[in-house]
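Asker: I'd like to ask you about the structure that follows.
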Ligand SMILES: Nc1nc2c(ncn2[C@@H]2O[C@H](COP(=O)(O)OP(=O)(O)OP(=O)(O)O)[C@@H](O)[C@H]2O)c(=O)[nH]1
C-alpha cells in the first residue's frame with residue numbers, strides 16, 4: 001500500500017528531519033502555541049472530559065456522536081438520516097474508550113482531545129448540532145449549487161484560513177518573519193508539513209521583497225492544494241465484471257461508515273446498478289437497523305444477522321447471495337474500531353481473509369471513512385487501517401463540522417490514496433465526488 005516511502009520526495013507528516021531546521025522551528029513554535037491554548041482551554045477540556053452538559057448552539061454541527069446522549073428527535077432522525085438508536089450503542093463506544101483509558105493506552109479519545117485542546121478551534125467549545133428537521137411549516141431552504149454547498153460546508157476551515165491570511169498579509173513587503181507567521185498558520189490549519197513547505201517555498205521564490213496581497217497568497221495556496229490533491233481525484237467506479245464488485249467500508253466509531261454506505265447505495269441505484277448491502281457492523285445493534293432503513297430508502301436488500309454475530313461469516317453469506325441474485329455491487333459495513341485496539345483490527349483482517357475465500361481478488365475497494373473533525377488523528381487512523389485492511393481509497397466526512405478540513409491535504413500528501421468522496425452534511429446530496437480544484441477553491445474562499 002501507499003506510505004511515506006512511496007513518496008520519497010516528501011517527508012512524512014509529523015516527522016522532523018534533521019536537515020529541516022526551519023520546519024523543526026515551526027513545529028516547536030506550534031507546540032508552544034498548542035500548550036498555551038491548552039492551558040487557556042483547560043476548563044473547557046476538563047468539563048468535556050467529565051461530560052458537563054453544554055449550552056446547545058444550533059449553528060454548530062453534530063460532531064461528538066459517539067459520546068453524547070441522543071438528543072435528536074425521532075422526527076429529525078426520520079427526516080434527515082436513518083441514524084437510529086445511537087444512544088444505546090454510544091454507551092458501548094464510551095465504555096470502549098474508558099477501557100482503553102484505564103489500560104493506560106494512548107487512546108484515540110485521548111489523542112483527539114489533546115489535539116482539539118491544542119488547536120482550540122472546534123469540538124472543544126462547540127457542542128454537536130441537532131440536525132435541523134425540515135419542519136413542515138418552514139419554507140423550503142433555497143437550493144444552492146454544487147460549489148455553493150461545498151463552500152458553505154468548508155466555511156469553518158476557510159474562514160480560519162482567510163482571516164489568518166488577511167491578518168498576516170496586509171499590504172506589506174514579504175519578508176522571512178511574515179513567511180514564518182504564515183507557516184504557523186498553515187500548520188495549525190492541519191495542512192501538513194509537505195504542502196506547507198511548498199506554499200512557503202513558492203512564496204519565497206516568487207515574492208520575497210515585493211508587496212503581496214492576501215488574494216495573491218490565497219491563489220498560491222489554492223494552487224498548491226490543488227496540485228497536491230488533483231492526482232488523487234478518482235471516482236469510485238463499479239466494475240460489474242467482478243460480479244459482484246465488493247466494497248469493504250472501514251473506519252473508527254462514528255466516522256460515518258453506515259451513513260456513507262447508505263448514500264452510496266442510493267447513488268449506485270440511481271446509476272442503474274443492482275446493489276446489495278451487508279450489515280457487518282454486528283457490534284452495534286442499531287447499526288443493523290440503521291442500514292436496513294438506508295436499504296429500504298434506496299430500494300436495495302440488506303443482509304443482516306443478529307447483534308454480536310460473526311461479521312466475517314455475514315460478509316461471506318452476503319457475497320454468496322449477491323452472486324445468486326446477480327448483483328453488481330456489495331457494500332459491506334463493518335463495526336467501528338479504534339485503530340489502537342489490536343484485537344478489533346485483527347478481526348478486520350479476518351473479514352478480508354474470509355472474503356478472499358470466495359473472491360481472491362476482493363475486496364475490490366476498501367474504503368476508509370475518516371471524520372474530518374478529528375484533525376491530525378486521521379493520519380494515525382489512515383496508517384493503521386492501511387496496514388491492516390489494505391485501504392484503497394478514502395472518504396472524508398463531516399468537513400462541514402470542522403475548521404480542520406486542511407487535514408485532507410496532509411492525508412493526500414502523505415498517503416497518496418485516492419479520495420473518492422467528501423461529506424459536507426448529513427443529506428444524501430451532501431456526499432460529493434471529490435474534485436481537487438473545487439476543494440482548493442472552497443478552502444481558500446472568502447465566506
Ligand atoms: N455533519 C455531518 N455529519 C455526518 C456526515 N457524515 C456522517 N455524518 C453523521 O455522523 C454520524 C455517525 O455516522 P454513522 O454512519 O453512524 O457512523 P459509523 O462510522 O457507521 O459509526 P459506528 O457504527 O459507530 O462505527 C451520523 O449522525 C451521521 O449522520 C457529514 O459529512 N457531515
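Here the Cβ of each residue, glycine as well, is placed from N, Cα and C on the backbone.
Predicted automatically and left uncurated, TrEMBL annotations should be read as such.
What TrEMBL records for this protein is below:
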COMPBIAS  1-12  compositional bias 'Basic and acidic residues'
REGION    1-23  region 'Disordered'
REGION    46-147  region 'Disordered'
COMPBIAS  52-71  compositional bias 'Basic and acidic residues'
BINDING   251-258, 333-337, 397-400  GTP binding site
DOMAIN    418-431  domain 'SRP54-type proteins GTP-binding'
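Looking at the shown structure, can you explain where the listed features end up?
Answerer: Residue 251 (GTP binding site) falls outside any helix or strand according to DSSP and counts as coil.
Residues 62, 80-81, 83, 131, 149-150, 152-154, 229, 232-236, 256, 259-260, 262-264, 266-267, 367, 392-400, 408, 411-412, 439 of the same chain lie 6 or more positions beyond the ends of the domain 'SRP54-type proteins GTP-binding' (418-431) yet place their CB under 8 Å from a CB of it.
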Asker: Write out the long-range same-chain contacts of residue 251 (GTP binding site), meaning residues 6 or more apart in sequence whose Cβ is under 8 Å from its Cβ.
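Answerer: Long-range Cβ contacts: 257, 336, 368, 369, 370, 371, 381, 385.
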Asker: Using CB under 6 Å from any atom of ligand 1, narrow the binding-site residues 254, 257, 337 to the ones that qualify.
Answerer: 254, 257
Asker: Take the domain 'SRP54-type proteins GTP-binding' (418-431) and average the pLDDT across it for me.
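Answerer: For the domain 'SRP54-type proteins GTP-binding' (418-431), the model's average pLDDT rounds to 92.
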Asker: Which residues in the same chain, at least 6 apart in sequence, have a Cβ under 8 Å from the Cβ of residue 337 (GTP binding site)?
Answerer: 250, 252, 253, 344, 345, 347, 348
